Amino acid sequence: MNNLFFSKILRSDNIHFVGIGGVGMGALAEICIKLGYKISGSDIKENLITKKLSVLGAKIYNQHCANNIIESTIIVVSSAIKEDNLEIIYAKKLNIPVVKRAEFLSELMRFKYGIIVSGTHGKTTTTSIISYIYKEAKLFPTYLYGGRLNNSDDYGNLGNSKYWISEADESDNSFLFFRPIISVVTNIEKDHLESYQGNFKKLKESFIKFLHNIPFYGYSVLCLDDIEIKKIIPLINKKIVTYGFNRNSDFCITKFFQSNKKIIFIVYIKHQKRYLKFVSNLLGKHNALNITAAITIAIKEGIKYNIILNSIKKFPGINRRFDFINKYDLSNLNNKKGTITIVDDYGHHPTELKLTIKSVKKIWNKRRLIMIFQPHKYTRTKYLYNYFVKVLSTVDILLIMEIYSAGENPIYKINSKNLCQSIMALKRSHVIFIPNEKFLFKKLELLLKNNDILLLQGAGTIENIFKKLTSKLLL
């Protein structure tokens, strides 16, 4: 890959990433290191990503400070970073360009064969499956996504071919920077409405614009099961390929079976009049849809069937996407006999919660379900409050942690205590407010008993709870 070519495009050698410890930012920084750029970055917490980047040669700062950017010629910012960040303020004073991650990535992809995945749910899983198939097909893609493959530190890599595969985030409308050859939309729901003046119609209009960003020779891959996608299809004047359980889909899932370890499903390929059977370690109908989106692209792009089939079968999954571990010993926690099953899931939108709860109940029917939930963002909790109440009332015992702010300011009356009270009013679940970690572990000591299912759900610091809990309970 010609580093000089990219230098001419970006006119920059020293790139600084604000919020470099995030998965998406870290993956992009790693790719830039491999392209030959001098990389620095700041994040308030050291993690596995910043450690890896440091080993690769990046200069990492564990605080945000104006001095961090003195040698930088371009500043790349995460969508989680606010305008009042010291480094951003100082960069603007020095007339150093400050660009969003999506804008920067879109420039790298400008002359490449881009495949971009968007949608409210399933972006990371779908993107990682597409990337995995392309790797197995020896197409050597560049790829990056917002998660980490299980049993590895793989969340992005620089390839040496024309293919660039990434997910795109609609949270701040920055997905409109991309001009891919192939675009994917998995679904459209109310989320990130704070970026759209609380107006769902404006969010849908942005998705329509995104789908029109492909060239005349490109195409979009859309899930026909999604109500909102079906509504906007007549408004799209570009080539469309559909997938889903819907019988009118171009790639139609005709049969689906799930055990507690895998899913088996059959896809009918309309233009080939052919049925293909797939087996995956991922669970749930929603994952059958994510997989079928990837299958659609792979078949359309001419990848051999046996490579696709084997890739789907081998795909290890993404960290914290319905990870579960059976037989955790209770004796180390509360001196009780027996074991429990622990499920860890990243989902933080009520639809994601609903799907996870449904999958848990289907796999472990009649077992008591105890759920720890950490709401993510005040704005999401505000706009989807009633939906959260409805979904969260379906578990046996619910423990709700404080809202993870993700940098947002508190909103009056939007808090976990009030959410608990609203759920308790339905009188369906036993609900407990969790003010801190110490209180949580004390409650778990009292509550957990043999054969329970413990579900940890959320995108914030709850991941650390899972690590501490499993270190105590693992047989």
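Placement of Cβ uses the backbone N, Cα and C atoms for every residue, glycine included.
As recorded in Swiss-Prot:
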- Gly119, Thr120, His121, Gly122, Lys123, Thr124, Thr125: ATP binding site (BINDING)
CB within-chain contacts under 8 A for Gly122 (ATP binding site), separation at least 6: Thr186, Asn187, His286, Leu289, Asn290, Ala293
Surrounding CB atoms that lie within 10 Å of the CB of Thr125 (ATP binding site), all protein chains: 28
Chain-mates of Gly119, Thr120, His121, Gly122, Lys123, Thr124, Thr125 with C-beta within 8 Å of site centroid, ATP: Val117, Thr126, Glu167, Thr186, Asn187, Asn290
Of His121, Lys123 (the binding-site residues), the residue whose Cβ has the fewest other Cβ atoms within 10 Å: His121
Three-class DSSP secondary structure - His121 (ATP binding site): coil
Cβ atoms near Thr120 (ATP binding site) (within 10 Å, other residues, all chains): 21
Other C-beta atoms that fall within 10 angstroms of the C-beta of Gly119 (ATP binding site): 24
